[in-house]
Amino acid sequence: MDGQKLLYIETFGCQMNVSDSEKIATLLQECDYHPTSDVSRANLIILNTCSVRAKAEQKVYHYLDRFKRAKREKQQLLLAVGGCVAQQEGERLLERVPWLDLVFGTHNLHLLPEMVRAAERGERRAEVRFIDNDIRLDLFPRGDEGRGISRFVTVMQGCDNFCSYCIVPYVRGREISRRSTEVIAEIRSAVATGTKEVTLLGQNVNSYGLKSQDEVSYPQLLREISAIDGLERIRFTTSHPKDISPELIACFAELPKVCGHIHLPAQAGSDRVLARMNRGYTRAQYLEKVAALKAARSDILITGDMIVGFPGETEDDFCETLSLMEEVRYADLFSFAYSVRPGTSAAALADDISRIEKQERLSRLQALQRTLTLECNRRFVGTVLRVLVEGPSKRGDQLFGRTDGNRGVNFTADRSIIGSMVDVRIVRAFQNSLLGELS
Ligand code: SAH
Ligand code: SF4
Ligand code: F3S
């Protein structure tokens, strides 16, 4: 196109990064960069990175190697790394990768337009300073067409929990809550342009507001968001089990817009491992919270994260993870082999479970989860569920939507119903989705 500059963003990691990438795209419109999905046409390539496990970090270096040639062939191409690997490595990345132009940390998104202009003049820069005030959280993502039916809204960032295996507190900094007035304003303006569902984002959403005297509590924030006319559904992630309060549980019972799904990572089923992970709860306490959630909302679906092969995890410990899964009956579970992260307290422990053993435990865990997921999905066959229609299905010949419990449903209907809530009768259950028909 005639002189227009094109921006290609590759996003790794969690929803926070997905949301940050939307903000980056909005910010860079200011210096005339427009998004493209064709990397070969890009004038600026940004890798928005994740360092939660070693594999995620290595991926970044593979991508950087891949773009080395492109940089040689296209003189004016700019290459930038943002996100959690950028935060972790900072200036070192510029030294290690001589063809890299820019490094920006997780607190420095707002500096990007200025940094890109400097890079256009040939300046190489790394900005990874932590900025511990809430102003930087106020970057509204693009409010335009198409992707607006369901939106992410950041309510807090950072983490103070320091689970012993986890790098997130080091790369995202301390917990900071965004002002509730800003959160409400963003949701109101999204709803005005067609948004029906919001997913509130934070590394630990349920500690929202706890650190500031004059901010509302998380349950109160949910009540205020619930009162927004035109908004149909509220989701949030991630919740930390230790911060699930009776007031929050009551929201699931009392606020119809709060969806019947919670992502509540346990990480392990054995008290010995939970203590060594510094998770701040026991198996019994976790199960008490699950029971209270199910009592408040009998149809609530629970998903989670689990780590296998944490230092010192015995076969007995691992079997407790499996038995916890059976007790909770997770609808879905993300599971990971333990990966040592530099600077975390667990890095001082011997990584004594072999790669093969970790892999074997992971396979056993995933086999069990497949049966639990299928069991969960099969329960819906024959029932009618309310579905928010998000768009065409992956294969393109049907429509795709989500149930209140966050199950994906494919069904045949006219595209004109995209963006609305419809009743769908479930006719078949698969591992990863449900098949339905308009009821
Ligand atoms: N704030 C969220 C997400 C953290 S990162 C939470 O507390 O749940 C997402 C998941 O990655 C974690 O829940 C954990 O299961 C996994 N994870 C984090 N560090 C890891 C490590 N060093 N090795 C393997 N998995 C890890
Ligand atoms: Fe990491 Fe634990 Fe914080 Fe989650 S709660 S981001 S696992 S330190
Ligand atoms: Fe990864 Fe950073 Fe998210 S480490 S999981 S992208 S907070």
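Just so it is clear, glycine is given a Cβ too, placed from its N, Cα and C backbone atoms.
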For the [4Fe-4S] cluster 1 site that TrEMBL describes with CYS50, CYS84, which of these is also annotated: CYS14, CYS31?
CYS14
Would you say which of the binding-site residues CYS14, CYS50, CYS84, CYS163, CYS166 has the most Cβ atoms within 10 Å of its own Cβ?
CYS84
May I ask which of the binding-site residues CYS14, CYS50, CYS84 have a CB within less than 6 Å of any atom of ligand 2, listed in sequence order?
none
List the helix, strand and coil residue totals of the domain 'MTTase N-terminal' (5-121) as derived from DSSP.
63 helix, 24 strand, 30 coil
Can you tell me how far the Cα of CYS159 ([4Fe-4S] cluster 2 binding site) sits from the Cα of CYS84 ([4Fe-4S] cluster 1 binding site), in Å?
13
